[in-house]
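Below: the structure, in structure tokens.
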Amino acid sequence: MDHTDPLQVYLLSSTRNIFLSATAHTGYLASIAVHLVSTVIKGIEIMKLPYSPPTLTLAERMPSEICKKHIHTGYRRPHQPWSYYVISVFQANNQTLNVWTHVIGFLYIAYRSYDISLNCDFIHDPMFRPLGAGLLCILTLLAASSLAHTFGDKSELAHYTCFCLDFDAIGLYSMGCVLISQTYFVRGKGLAAFLVNWSRPGCIYIAAQFTVLLSFAKLSFGRAHKLCNIFQAFIVYSGYFWFMLPLIQRYFWQSNSYHDNTLSLHIYHVIFFQLNILVYIAHVPERWFPKTFDFIGQSHQLQHIVLVIFVNSLLNVTLEEIKSQPSIKYVKYMTRKLGTVENSYGIVLLIIYFNCFAMAIATLFAIRKVAKSSGEKEVTNSVRITQGDLNGQAHLSNGEICDEDINEPFYDGEAEALPCGKRITESSEKLNLEASLESAYVADKSQ
């Protein structure tokens, strides 16, 4: 009798069909993504996961740090089990498409990487090691960011930790793009000689800058603070300048006798990068239509889509640069110097180790920040309760009918459900009864 787990058989057969479809043609990407989603949903139904509470919560009921600017509805409930947030990826909330735009983008870039690897050896060929290292960095960003969006609403501490992970991945992604740019886009002897010595130290600095400064700004100022926005703008454009350095040199200092037939192809990824930044800063369309795009069409989802388009156009122009006959001598020179294991995958591993250390420190600071914030909230609540008690006693002594001036209700239990006048009447009767008992006790003692 066959005791094979039907769930295991189903998942294995579905996975095999997905990879067979993936190797056939790029046009099947959309159907592959749909097939993958349906496979996971059916797998969840077969496993019979526990009941998940409703995901919809208003922004007013969420911790302020978790709330996103101009997003008012569709938040997931905080302080739930981890499985709740995994299941919420398959339910309608304001993070669902944030996760899936990264997941589908990851699958697409992974397929592009596989397709390129059929003709290029990312491991043993020095000419393609920087490209392989750059693709590894890009895929790491897409995977880490999807995890951050999945679990970032669990608590304030989880939010800080997840987005410090996201910032680490952004730094790694920036370094990967620079690895590609400064290896394959150089067209000048002077710049090539300069970058042979300073490209990789600059890449390490850019990645560390993203990791440290973005995490510092997040923990110190909060997401909506102006200083945080200034930090982000400075970090992003300093890294982008280092990325664009070969193209700036080619545009302004190219020789009149030399026709750069591939320079015009770079306009696409430049436009998509600027569009990505514009969408991130403007927060449109949710800024113009509150609550309309909280689930579908918000700026963060559009930013994820534009990011994948940017990476795709960057890969296309990189392959054209490698195939271009006038530029092949520069590509061979740069890859001979910078295509070693140490200068490609080595610095990626170095930054990953650094990011783990930086994330551990950021998590400790996040724990301290959350504990301090919780202590301040407890003190504030106790002050409000004390003030409410004093106001209630003052109103009772003055014969007030109803205590309407107290900002926060300080009654609990069944008394909170009673009408205000009835609560005051019962409190007055209780005070009169206590006074009568005390008078009787004093009289009895004097006798």
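Even glycines carry a Cβ here, placed using N, Cα and C.
Site annotation (TrEMBL, ligand Zn(2+)) includes His300, His304; from His124, His149, His159, the additional listed residue is His149. Each of the binding-site residues His300, His304 was scored by the number of other CB atoms within 10 Å of its CB, and the largest score is that of His304. The C-beta environment of His149 (Zn(2+) binding site), restricted to residues of the same chain at least 6 apart in sequence and closer than 8 Å, consists of Gln95, Asn98, Val99, His102, Cys162.
By the Cβ criterion (under 8 Å, sequence separation of 6 or more), the transmembrane segment (233-253) is not in contact with the transmembrane segment (131-151), since fewer than 3 such pairs are found. Beyond the transmembrane segment (344-367), the same-chain residues lying 6 or more positions past its ends with a Cβ under 8 Å from any Cβ of the stretch are 129-130, 132-133, 136-137, 156-157, 160-161, 164-165, 168-169, 171-172, 175-176, 179, 200, 203-204, 207-208, 211-212, 215, 219, 338. Taking the centroid of the Cβ atoms of His149, His300, His304 as the Zn(2+) site, the other same-chain residues with Cβ within 8 Å of it are Gln95, Leu97, Asn98, Val99, Thr101, His102, Ser145, Gln301, Gln303.
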